[in-house]
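Student: This is the structure I have questions about; it appears just below.
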Amino acid sequence: MRVVRLLRLRAALTLLGEVPRRPASRGVPGSRRTQKGSGARWEKEKHEDGVKWRQLEHKGPYFAPPYEPLPDGVRFFYEGKPVRLSVAAEEVATFYGRMLGHEYTTKEVFRKNFFNDWRKEMAVEEREVIKSLDKCDFTEIHRYFVDKAAARKVLSREEKQKLKEEAEKLQREFGYCILDGHQEKIGNFKIEPPGLFRGRGDHPKMGMLKRRIMPEDVVINCSRDSKIPEPPAGHQWKEVRSDNTVTWLAAWTESVQNSIKYIMLNPCSKLKGETAWQKFETARRLRGFVDEIRSQYRADWKSREMKTRQRAVALYFIDKLALRAGNEKEDGEAADTVGCCSLRVEHVQLHPEADGCQHVVEFDFLGKDCIRYYNRVPVEKPVYKNLQLFMESKGPRDNLFDRLTTTSLNKHLQELMDGLTAKVFRTYNASITLQEQLRALTRAEDSIAAKILSYNRANRVVAILCNHQRATPSTFEKSMQNLQTKIQAKKEQVAEARAELRRARAEHKAQGDGKSRSVLEKKRRLLEKLQEQLAQLSVQATDKEENKQVALGTSKLNYLDPRISIAWCKRFRVPVEKIYSKTQRERFAWALAMAGEDFEF
């Protein structure tokens, strides 16, 4: 408890500005060189705590266009006979027909959920006829949409320009809002059209119908004195409110998971930039507390209270393995996903010795978005002994941490540091890991391509830590074959250039004049250029192979302080555009303005 009291005292002194600061130097937050651009837009025009804006005016969301029935020549068949579907049933049939041939349509859960929801949209007489998905034939529907997609690819330049102009007009009308007198870009002004839910991993609700969102489902948020957005003709909004403590412009509840969806500002907006900056500053502040927190939970492994022991072991997993705390679910929710606090005995196996290590814990469970988390990791002996204790006399379905809840853990984290959550730990460890990996992997003398490979390898370590997986892209094999073909062709060019250089060197040795010297230099430069191109292709192939099942983007955009990457780019003379796309650079404009080459997290 002494450490907890010290942490509370330190937090209070920090709020009062009484904690002595170390001298500003390389790698210390607060250094002027690492905090350049203090007059940035996201630091100006501050409101009191909780207030996000004074003025918010916008046009509301853009709704998906109404369904256009299929042409008469495109038919649906049941038991080999054409069946004329009602408009509602036909629309849902097109959702499945579009996906014909996709892996999803081979999954039993997807097929079952789709068919159940589709039958709900059918007329009574249609349900009496269509009783089995196996007897349905969507071939003509599928071919119709394949042909439409092919036709779009061969549009004339004029037709493509017209479509571009229409999209730009839509962007101008719905894609911007006025926030405190400034025009700000909106992130996702289009409401998602109806379709079939896919989910990530083996989601139990895959195939269910995502219903069409209507204006009557949508809550509008804007300032009281602004012009309220006009709903589409013949409709009205569910509600119009003025809540300046939130940053969303419109909200509705989607039909599959009953989760709330929002129209938000673009990530490059002032408010989003400020929120991101504060998020990473909170994680960065953890650096001053983390050693004491770790000492505390290690001491708590020996606590007399079972609740305290369980909390300490859970916090160790959150810290070391970047596990999510796990949100409590409503009774009856279909997806059996868990986090650290809701782990069951069946999700953990203990091995006294495995893989040449002692005290190994094997995790196997479905995490967020039904992504499987599997890991075998050696742990400290007291953690292993405590896990044995927690599992005594429990069945497979019993909670591992039966004295712990997400709520109680979060309350404890707040006591350790103001603003501390499991996600802050995750962000802190992800960012620290990236910084350490970049320091270990990057060599100043490497080529740009080799440095980028080092960066992606560092990013990959973080993605694995955070369990950011993806399925191998369906185009992977083909793209790798194309890349290997390019590499082979480049090798042949290098061999030919090397032979030409040898001949040029022999001619210069024989003639010794200026002309032969010029030819020799030209051949040498050509060989160097081709060798560099070959090296870049080889690095690209290695990078593609290593990351085929790892999603680098999730951690890069959400858990890694962008100032680390920008500082690395500046320090090693790597163009920032090699790491961040144009859209991402706009998103992290605040970091580009703040981070010098000596910034450290």
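Heads up, the Cβ atoms here are built off N, Cα and C, so glycines get one too.
I grabbed these lines from Swiss-Prot:
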type	residues	note
TRANSIT	1-50	transit peptide
REGION	22-48	region 'Disordered'
SITE	ARG152	site 'Interaction with DNA'
SITE	ARG200	site 'Interaction with DNA'
SITE	TRP248	site 'Interaction with DNA'
DOMAIN	268-601	domain 'Topo IB-type catalytic'
SITE	LYS279	site 'Interaction with DNA'
REGION	324-329	region 'Interaction with DNA'
SITE	THR337	site 'Interaction with DNA'
SITE	LYS368	site 'Interaction with DNA'
SITE	ASN410	site 'Interaction with DNA'
SITE	HIS468	site 'Interaction with DNA'
SITE	LYS486	site 'Interaction with DNA'
ACT_SITE	TYR559	active site, O-(3'-phospho-DNA)-tyrosine intermediate
Student: If you average per-residue pLDDT over the domain 'Topo IB-type catalytic' (268-601), what number do you get?
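Tutor: On average, pLDDT over the domain 'Topo IB-type catalytic' (268-601) sits at 89.
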Student: Quick one: give me the count of other CB atoms within 10 A of the CB of HIS468 (site 'Interaction with DNA').
Tutor: 21
Student: What is the separation, in Å, between the Cα atoms of LYS279 (site 'Interaction with DNA') and TYR559 (active site, O-(3'-phospho-DNA)-tyrosine intermediate)?
Tutor: 9
Student: Pop the Cα-Cα gap between LYS368 (site 'Interaction with DNA') and THR337 (site 'Interaction with DNA') into the table, whole Å please.
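Tutor: One finds 6 Å between the Cα atoms of these residues.
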Student: Hey, how far is HIS468 (site 'Interaction with DNA') from LYS368 (site 'Interaction with DNA'), Cα to Cα, in Å?
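Tutor: Distance between the two Cα atoms comes out at 10 Å.
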Student: Of TRP248, TYR559, the recorded positions given in the record, which has the fewest other CB atoms within 10 A of its CB?
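Tutor: Comparing Cβ neighbour counts within 10 Å for the recorded positions TRP248, TYR559 gives TRP248.
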Student: Can you grab the distance from ARG152 (site 'Interaction with DNA') over to ARG200 (site 'Interaction with DNA')? Cα atoms, rounded to a whole Å.
Tutor: 29
Student: Could you list the residues of the same chain, at least six apart in sequence, whose Cβ is under 8 A from the Cβ of ARG200 (site 'Interaction with DNA')?
Tutor: ASP369, CYS370, ILE371
Student: Taking the Cβ of LYS368 (site 'Interaction with DNA') as the centre, how many other Cβ atoms fall within a 10 Å radius?
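Tutor: A 10 Å sphere around the Cβ of LYS368 (site 'Interaction with DNA') contains 16 other Cβ atoms.
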Student: DSSP three-state call for LYS279 (site 'Interaction with DNA'): helix, strand or coil?
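Tutor: For LYS279 (site 'Interaction with DNA') - judged by DSSP and reduced to three states - the answer is helix.
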